[in-house]
Amino acid sequence: MFTVMTRQPCEQAGFRALSRTPAIVTLVVLLVSIVVLVTLTLIQIRHPQVLPPGLKYGVVLDAGSSRTTVYVYQWPAEKENNTGVVSQTFRCSVKGSGISSYENNPQDAPKAFEDCILKVKEQVPEHLHGSTRIYLGATAGMRLLRLQNETAAREVLESIQSYFKSQPFDFRGAQIISGQEEGVYGWITANYIMGNFLEKNLWHMWVHPHGVDTTGALDLGGASTQISFVAGEKMEPNASDTVQVSLYGYTYTLYTHSFQCYGQNEAEKKFLAMLLQSPSTEANISNPCYPQGYSTAFTLGHVFGSLCTEKQRPESYNSSKSVTFMGTGDPRLCREKVASVFDFNACQEQDACSFDGIYQPKVQGPFVAFAGFYYTASALNLSGSFSLTSFNDSSWDFCRHTWSELPALLSRFDETYARSYCFSAHYIYHLLVNGYKFTEETWPQIRFEKEVGNSSIAWSLGYMLSLTNQIPAGSPLIHLPIQPPVFMGVLAFFTAIALLCLAFLLYLCSSFRTKERSENAFDQAVDSD
């Protein structure tokens, strides 16, 4: 009698199969593949790095009455309470006059931009050209041209639009902004770069500064001037000069007014027109605001061709007729005559009134005066804040200098500006003191500035800040430890290895089960014999 040992076929066959070298190697490879797959998946899921979405760029062309300036701004693509934290990175002055001077040849207007736009392309990373928005805002010069010749104004803008459509940037149009918009954007710029909206705390996070008052803005251009500030007193209901501004989660109620035809250049034309109206039998006209020893000839078209002076045209107006102005350098008479540029009587002793019958609440708090205000003060060797007495003394002293003395007095001599600084000084006095009602006590609260840090004080930055409210924020970028294509490739490779190993092991197990059954059948046959 034989005793037959029983065994589980699959277990014994599987054990014998797995005990052999190929099976062991395959099993090890399978386990390693599974470990690699699990490890890579956990790393990819649990350790992603969230990166900020990078920088965005914007370009604004400030098309003023006398020149065009190109500004490049950048800001983080994520936003602080829906407004981008914008900084100026580049500034370029376009050669030539303002775009309104191309009234008779609008097709030539864009040609002057080419040098600056070429530099802008270098400043903005090439891969961002297509997403960089570019805007052109035209101010008082074009506002006057539109009133005078709407067709010419439209053709100038169309020529510019056609030019920028051929550029790689995302051009968003050329438009004429209103005087009120110019005032608001200038106020936004001044307060932004002075840190009145945002500041960095100890953790380098942007926060709203506690207890900081806003700063009023005084802008003096070539064809208009703007005043903007948050009034301390309650303003007249439904006042057309009241604007609400929302930035960085806060809302400000702002008084702002733009005086068309009261920019430096247009105001001086009004002054020259007034001098021409004075009865005189002399061939030459005395100008107390021009330096002694200086004379220049203008055509009547230069003086009276503007919309601001057409009402002062003489009956026998001949635009090509020339008239010579002789400088006498008389500061007292200059100040006296410059007052006639304004209509102070229209306010009729009203306290809340500036000039020409325009409503204005009482000025209060600090102000920053920029553009023409700054350049005139700089010519008088003044900057920052100073007393009204200092301004008057410097004005009187400057106006007494002869024309031959001015080149040594000015750091940068240009005939057009040099001859007009005396007029501008007395004009600013009347505008700020008799117009806006600044006094001996409040005058020192005005700071005459060109820029703060690396940012120019101009309406263009405020314009860009307002536009970032409308530009979608960038989405955060998820930076994975392994790039998705690489991860998917590695995942597919080790998954395939694991499946092949598993299939091979199943094959070995199946083969040995078949062999074991054959051996059992053979053993039984032998036993029966």
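Cβ atoms here come from the backbone N, Cα and C positions, even for glycine.
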Residue among Cys261, Cys347, Cys353, Cys399 that, according to Swiss-Prot, closes a disulfide with Cys308: Cys261
Recorded disulfide counterpart of Cys334 (Swiss-Prot; options Cys289, Cys501, Cys509): Cys289
Additional residues surrounding ATP, by Cβ distance to the Gly222, Ala223, Ser224, Thr225, Gln226 centre under 8 Å: Ser65, Thr139, Ala140, Gly179, Glu182, Asp219, Leu220, Gly221, Ser258, Phe259, Gln260, Tyr262, Gly263, Gln264, Glu266
Nonlocal neighbours by CB distance (under 8 Å) for Cys399 (disulfide bond), same chain, sequence gap 6 or more: Cys289, Pro291, Gly329, Asp330, Pro331, Cys334, Cys422, Ala425, His426
Rounded inter-Cα distance in Å - Asn318 (N-linked glycosylation site), Gln226 (ATP binding site): 33
The one of Cys92, Cys308 whose CB sees the fewest other CB atoms within 10 Å, among these disulfide-bonded residues: Cys92
Among Asn284, Asn392, Asn454, the most crowded of the glycosylation sites [Cβ within 10 Å]: Asn392
Recorded positions near Cys261 (disulfide bond) (Cα-Cα within 10 Å), from Ser224, Asn381, Asn454: Ser224
Set of same-chain residues at least 6 away whose C-beta sits under 8 angstroms from Gly222 (ATP binding site): Gly64, Ser65, Ser66, Gly98, Ala140, Gly141, Gly263, Gln264, Asn265, Glu266, Gly372
